[in-house]
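A.B. asks: Copied straight from TrEMBL:
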type: REGION; residues: 1-27; note: region 'Disordered'
type: TRANSMEM; residues: 73-95; note: transmembrane segment
type: DOMAIN; residues: 111-583; note: domain 'Glycoside hydrolase family 9'
type: ACT_SITE; residues: HIS513; note: active site
type: ACT_SITE; residues: ASP561; note: active site
type: ACT_SITE; residues: GLU570; note: active site
Amino acid sequence: MSMFGRDPWGGPLEINAADSATDDDRSRNLQDFDRAALSRPLDETQQSWLLGPTEKKKKKYVDLGCIIVSRKIFVWTVGTLLVSALLAGFITLIVKTVPRHHHSHARPDNYTLALHKALMFFNAQRSGKLPKHNNVSWRGNSCLKDGKSASSSISKDLVGGFYDAGDAIKFNFPQSFTITMLSWSVIEYSAKYEAAGELNHVKEIIKWGTDYFLKTFNHSADSISRMVAQVGAGDTSGGSTTPNDHYCWMRPEDIDYDRPVTECSSCSDLAAEMAASLAAASIVFKDNKAYSQKLVHGAKTLFQFSRQQRARYSAGSAEAAKFYNSTSYWDEFIWGGAWLYYATGNSSYLQLATTPGLGKHAGVFWGILDNSVLSWDNKLAGAALLLSRLRLFLSPGYPYEEMLRTFHNQTSITMCSYLPTFTTWNRTRGLIQLNHGNPQPLQYVVNAAFLATLFSDYLDAADTPGWYCGPNFFSTDTLREFAKTQIDYILGKNPRKMSYIVGFGNHYPKHVHHRGASIPKNKIRYNCKGGWKLRDSSKPNPNTLVGALVAGPDKHDGFRDVRTNYNYTEPTLAGNAGLVAALVALSGEKSRTTIDKNTIFSAVPPMFPTPPPPPAPWKP
């Protein structure tokens, strides 16, 4: 019996059921089949069915457990990784062994180089127990008994703070202005300070001041009736020979005479300025919540005190009237109110700062030229710019808009007066005479350079290309150019080709009017009169007071490097604060870093209520 099946390669396949051949025989017969006789190639399936087992092939896939990948891809990937690792190691070896050439980092500009030095001045002016990293080798701990004066009824810890100038007096009025200016510069230009590697340093300087200020009044109380205005004395009028900080010429570390403490109970200008400094510093230290709140509370207490018993602090102090006489307290009310608004967000301070009556008393509407000069005495120009900032970026509208627009207009007029196009101010061969040719001009010039650069940056940040002076339009670059010419003059681009910052450049004052710098640090202790011979010596100071901005040249660009003539060679805290602010504002590339628009507003609530969410979709 036979059956017919389909021939796999085309013809009928006859299968004889009677065939007695075993499966093994058939299998053996297939193995003996002449494969070359096949008329066409067989696919794998046909070979496995008919031609018997083939040679075992390698697997084309690799099972990794969680994934199955092609063997070729797996080998290629592993090989690539190994080659890459070897190549990376080789490159690293080359980089580490080849000498480095730092071409990627541009050399710091002159403003940044001068900034490093200008901040060092504050290290040299520190009073009290100095930190280990103070970096002024010829300075040491001094006046550790401040506040314990034998001639005073006051007995409290007043150690710390800064000496004002070449003497060892702590005048709290200009010292407060100093801390306010430094804080303002940090708030606006913290990124530039960080880029220069000086952010921690300047914040440490600010805290050294605010820590001391908190000792000068009862900062934990909600209301006070007195505060400290000054530590030390310097009046030598009438031929007085009483040892004090002006009669004696000795290192602060060697002081052994009495340092009286001056208090005041009616000192609106001083209290409002110190309130401004604490409020501004609270924004600098906003990340340290506990300390920031302590500063805010102290600022509120001081400002309330300033408004209660109204009087100039210098009216009741012969010392203050002689050295740092205040002409008014109305400008400090606006200045302090503006800073407290930014520090607290409490609109009552903004309402006060924008009260027309207050502005009238401060001279906002008078058009007096001197009111446009920012100094330790008159803060009106600074307050106007500070409030113009609010209008430019938040635009609060009614009821503040009218006064804010007035402050903005005043700021614009002040900026116009700086430009050489106008003849508002006299000029030497390069220097604007903001104090009418009187001695010690540089402290006013650096403040103007800071305000001009800051207003320029405000306009740039508000996408405004410039401002109008009457019918004439001026670009923001014009203001920066003015600021640069003034600071460049101070750095050495002047008729005398000398730098007025000690330690900057090759030619700078060597006979600075400064006790500590003029007396060598050795085992000799010079008493009150013993240092006079060093004061009157024609030899250069044995210690370099790095970063000190001296008082400056006269109205004819003349300068005498003489230690005894403080009108030329004495530096001050307030002068160096303005210098630091101007230098950081001008430092770096303008296109890279600009002002910090938002940090100053961190405590200010939204100007307008948040709109309600949209209603839910209608459902039938």
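Every residue, even glycine, has its Cβ placed from backbone N, Cα and C.
Note that this is a predicted model, so its numbers are computed, not measured.
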A.B. asks: Can you give me the average pLDDT across the domain 'Glycoside hydrolase family 9' (111-583), rounded to a whole number?
C.D. replies: 96
A.B. asks: Report, in whole Å, the straight Cα-to-Cα distance of ASP561 (active site) from HIS513 (active site).
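C.D. replies: Counting only the Cα atoms, the answer is 9 Å.
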A.B. asks: May I ask for the distance between GLU570 (active site) and ASP561 (active site), taken between their Cα atoms and rounded to an integer number of Å?
C.D. replies: 10
A.B. asks: Looking only at Cβ atoms, how many others are within 10 Å of the one on GLU570 (active site)?
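C.D. replies: Neighbour count, Cβ to Cβ under the 10 Å cut-off: 21.
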A.B. asks: Who sits close to ASP561 (active site): which same-chain residues at least 6 apart have their Cβ under 8 Å from its Cβ?
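C.D. replies: Listed in sequence order, they are PRO509, LYS510, HIS511, TYR568, THR569.
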A.B. asks: Determine the Cβ neighbour count for HIS513 (active site): the number of other Cβ atoms within 10 Å of its Cβ.
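C.D. replies: I count 26 other Cβ atoms within 10 Å of it.
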